[in-house]
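**Q** Handing you this structure, nothing more for now.
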Amino acid sequence: DQQLRIKIVYDLIILGIVGSILLSRKCATDQYLRKKDDPYKYCQGACAEITNCGPVIVPEEHLQQCRLCSETGGSCGFSGLPNGPGVQDADFILYVSALTTERCGQENIVAYSASCQLEAQLDRPIAGYANLCPNMISAEPQKFVGMLSTVKHEIVHALGFSAGLFAFYRDNEGKPLTTRYANGLPPFNETLGLYQWSDRVVRKAIRLWNVRGNSKLRHEVFLLVTPHVVKEAQKHFNCTILEGMELENQGGMGTELNHWEKRLLENEAMTGFHTQNRVFSRITLAILEDTGWYKADYSMAEKLEWGEGMGCDFVMKSCKFWIDQQRQKNRNVTPYCDTLRTTPLQLTCRQDQRAVAVCNLQKYSKHLPADYQYFDYLDGIPFRDLEYYGGSVEIADYCPFSQEFSWHLSGEFQRGSDCRISENQPESLRNYGAEEYGPDSVCLVQKSPFLMQQCNRRQSHPDWGSGCYKISCSAEGLMIWITDQSYLCSQVGQVISVNVKMNDWVYTGKLVCPSCFNFCSSCPPEHDLPPRNKTRMIPIDPCSSSSGLVVTLWLLVANVLPLVAGFFLCVWN
């Protein structure tokens with residue numbers, strides 16, 4: 001895919017030797033030897049008949065001739081088929097499969113990946129695999145962007161963002177960040193089942209963690225502390241005392257330590273669970289550069305808004321501390337939320353205002369772990385039940401946040417809530433808010449529920465609070481479009497009264513203007529609204545087939561009234 005090729009290839013410059021690639025054969029006993037000053041691995045006894053890279057069988061033409069030594073490590077030499085032609089002019093081979101494996105049977109596994117061979121000079125991965133679980137692959141147009149980001153996510157793992165490779169990272173001079181044994185390998189951690197990194201790569205830290213009941217706990221985290229990651233994390237959060245970027249501490253094997261902490265980098269593409277709007281930020285490019293194998297082009301990074309500039313309290317303390325501080329200052333608790341997900345839905349906007357969202361705060365059947373009990377008060381919830389409430393995304397440390405969602409009918413996917421995807425447009429009879437989905441649409445707050453009217457029929461929807469609407473930028477400012485009717489936003493927070501006819505329905509409702517600067521590169525100074533009598537519009541009559549006729553009649557009446565009044569005055573006199 002051209003989009004995928006551009007995104008991955010041009011973000012990184014490969015350091016070290018590149019050229020054709022030939023992979024080593026797997027050893028029959030998984031035991032191999034190395035000779036001094038010889039980069040090749042020698043199997044002890046025999047080579048395996050088949051060499052795999054993950055679930056994929058590596059083609060013979062990609063393999064070196066079998067190198068082996070006797071059981072005692074004595075005579076060494078070659079055996080079997082000669083070298084294949086290899087893969088020419090390549091610096092990395094990715095084997096992609098869509099196989100229903102045992103791992104695909106685990107809950108919420110969409111895809112998985114890893115590197116499978118490293119080159120001898122710098123330990124850089126030269127081959128890896130990505131397996132997409134067939135039962136999780138979707139051909140829905142609305143899900144294409146998400147599937148594409150999943151593939152990119154897996155490629156980044158294979159390139160180097162993996163706990164199994166941390167011990168092989170090198171500094172900018174090519175020297176290992178983790179001490180090596182005489183055989184060139186770092187120490188192996190039997191408990192974790194991978195090579196043990198040094199504290200120059202990953203380090204433990206203790207956070208004082210605010211929880212319910214005005215209590216504080218000692219909360220242990222793992223930080224990635226390589227130089228570029230530290231620099232980018234400090235800059236992103238605006239926190240110069242931040243020691244490193246927190247790694248995921250939940251989710252089990254394959255998720256823990258292999259991703260960024262979801263609480264802190266919610267929609268960053270290298271967090272452990274896809275929720276919405278994945279972006280590959282400067283922090284992810286920084287870890288790839290800190291492997292010692294690549295030079296990152298930071299101009300290719302995507303903008304990450306989550307946590308940006310929010311300071312040390314946000315990044316180094318629990319979400320309870322942040323929520324409480326914002327409440328005390330009478331501020332919005334964004335990017336978190338504290339509204340229960342109930343029926344009817346109380347709709348809001350995703351943090352970047354590109355999708356309709358709901359707060360994912362919910363009640364669990366069991367009380368949450370002590371570290372993740374954040375609430376001393378929730379409207380309408382008894383105090384004794386507060387320990388059961390948290391965000392629906394466990395790996396975000398149960399912190400609640402506004403999350404895009406999808407509509408289903410009888411269990412079947414109907415549409416998503418991303419405003420930019422045209423396929424999410426609701427059918428006319430279910431378009432309760434006069435919405436328009438498309439590349440120029442954003443999420444706007446609804447001040448009131450929209451009313452749909454026909455001559456002898458009226459309806460509104462109980463789920464309201466936000467919707468998707470087309471906008472444009474002009475010299476006058478940000479414009480909101482409902483069908484062919486435009487509404488000028490003169491200032492943030494301005495309430496727009498909407499009254500339009502669309503699909504044989506008359507829609508009446510109110511929208512709140514966003515900041516022009518959120519969406520337009522150039523905005524005029526905000527100014528006061530014109531007097532009411534200059535912006536008053538005559539309501540559309542739902543019983544008329546022509547809104548223009550109604551307006552004309554009203555204008556006629558308005559002009560005739562003074563004449564009638566004058567006539568009666570004359571008669572009176």
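Backbone N, Cα and C atoms are what each Cβ position is placed from, and that goes for glycine too.
Just so you know, TrEMBL annotations never went through curation; they're auto-generated.
Pulled these features from TrEMBL for this protein:
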- Glu154: active site (ACT_SITE)
- His153, His157, His259: Zn(2+) binding site (BINDING)
- 549-572: transmembrane segment (TRANSMEM)
**Q** Report the residues of the chain - excluding His153, His157, His259 - with C-beta within 8 Å of the mean position of the site's C-beta atoms, for the recorded Zn(2+) site, in sequence order.
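**A** Counting only non-site residues, the set is Ser113, Glu154, Val156, Phe161, Asn258, Ala269, Met270, Gly272.
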**Q** Once near-sequence residues are set aside, which residues in the chain of the residue listed as 'active site', 6 or more away, have Cβ atoms under 8 Å from its Cβ?
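**A** Residues satisfying the criterion: Ala111, Tyr112, Ser113, Ala130.
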**Q** Under a three-state reading of DSSP, tell me whether His153 (Zn(2+) binding site) is helix, strand or coil.
**A** helix
**Q** For His153 (Zn(2+) binding site), what is the tally of other C-beta atoms lying within 10 angstroms of its C-beta?
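**A** Summing over all protein chains shown, His153 (Zn(2+) binding site) has 23 other Cβ atoms within 10 Å.
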**Q** Sequence gap of 6 or more, Cβ distance under 8 Å: name the residues on the same chain that satisfy this around His157 (Zn(2+) binding site), in order along the sequence.
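**A** Within the chain, His157 (Zn(2+) binding site) has Cβ neighbours under 8 Å at Ser113, Ala114, Gly128, Asn258.
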**Q** Need the DSSP three-state call for His259 (Zn(2+) binding site) to compare against my parser.
**A** coil
